[in-house]
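Student: Taken from Swiss-Prot, the feature active site covers Arg290. According to Swiss-Prot, the Ca(2+) binding site annotation covers Asp210, Asp234, Asp238. Summarising the annotation, Swiss-Prot assigns signal peptide to 1-24.
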Amino acid sequence: MVSYSNNHFAYAFLLLLTIGNTLAFSSSLPDHVQDPNLVVDDVNRSVFNASRRSLAYLSCRTGNPIDDCWRCDPNWETNRQRLADCAIGFGKNAIGGRKGRIYVVTDPANDDPVNPRPGTLRYAVTQEEPLWIIFKRDMVIRLKKELIITSFKTIDGRGSSVHITDGPCLKIHYATNIIIHGINIHDCKPGSGGMIKDGPHHTGWWMQSDGDAVAIFGGKHVWIDHCSLSNCDDGLIDAIHGSTAITISNNHMTHHDKVMLLGHSDSYTQDKNMQVTIAFNHFGEGLVQRMPRCRHGYFHVVNNDYTHWEMYAIGGSASPTIYSQGNRFLAPNTRFNKEVTKHEDAPESKWRDWNWRSEGDMLLNGAYFRESGAEAPSTYARASSLSARPSSLVGSITTTAGTLSCRRGRRC
């Protein structure tokens, strides 16, 4: 008979072996995954394994595979970069500033868009080297113009209450390997055009910004996790112009109209390569539509909690593939807004061929998901015994969506 101590050793050994194999594999993956279903299965395996670990010694008992990867560690503050190993889905290879220096933001007030001062967030995100950016204390940052984030950067708000608000907000422009974690981003406004430093050795002229919380333009390997986003002039998260390899997870979104746009336009066919995973988010109070609104690409929407929408939750046009799995949809009380989905800008004779599938979703208060496309294409029904967590557990999985209160020496 195997003793408990041997079991403990076995769990630890298997966990380390799995992490090592995952890192070795992920380093060789291209931007665009040739078979998106492989990533869907990878998310399913991660969720299934987290569910099993929730019964074991090494787990924080959340069943959320991202959180179970790092939140159990009371020494998270001295091991911040472990977070980069915890992404899942299409954005799983976003390493941010891993292996770079820790850069501490100390100055929230003096935002100079052209000549950023050392100690400011703008100075940090425009450096050439990989950086893991953290914050010395709680702060409110009001940007004068859009913040252009360069490649291989992590913005990590854990341990501080960081708000970016009341001005232009964040932009990822043809950059790669970006992690944005633990930031409150709200009340973002359009920014005037003008000169903005957009790299270590370049300042360019930028057009007026739209007022998005996070705008991704041609970005790849992007992970947005545990942020709280609300009340911006345009979108909360918009990804367009060939952006791909994105995971949007564990966020809390509230009080906003057009929440998330994924795909530039029906005519911009380069977005056919777009691949986005939307997992473990809470779409909360005061939301209207676009959670997300998709075009062309491949979108895996898994284990999210939709507690509020006024028009619809998930929509799209230009034949996107949408796989909705294990979500909880609570329809509004208004009679004519019970439908989760909205097939946009096309007659039924066209959209009935778009591949939209609901699997294991919980539909409450009269909510209904209008499926379309083939009944059992390989997009949805690959032979696998692993699945997302049951929709009945979505409440517990997403209970800490949004920014976290993390303290030194304690589990986060």
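Using the three backbone atoms N, Cα and C, a Cβ is placed for every residue, glycine included.
Give me the lay of the land around each of these features.
Tutor: Within the same chain, the residues at least 6 positions away from Arg290 (active site) whose Cβ sits under 8 Å from its Cβ are Gly235, Asp257, Lys258, Val259, Met260, Leu261, Gly315, listed in sequence order. Secondary structure from DSSP puts Arg290 (active site) in coil.
Close to Asp234 (Ca(2+) binding site) in the fold, though at least 6 residues off in sequence, lie Cys188, Pro190, Asp210, Gly211, Asp212, Lys258, each with a CB less than 8 Å from its CB. DSSP assigns Asp234 (Ca(2+) binding site) to coil, not to a helix or a strand.
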Student: Would you count the other CB atoms within 10 A of the CB of Asp238 (Ca(2+) binding site), including those on all shown protein chains?
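Tutor: A 10 Å sphere around the Cβ of Asp238 (Ca(2+) binding site) contains 26 other Cβ atoms.
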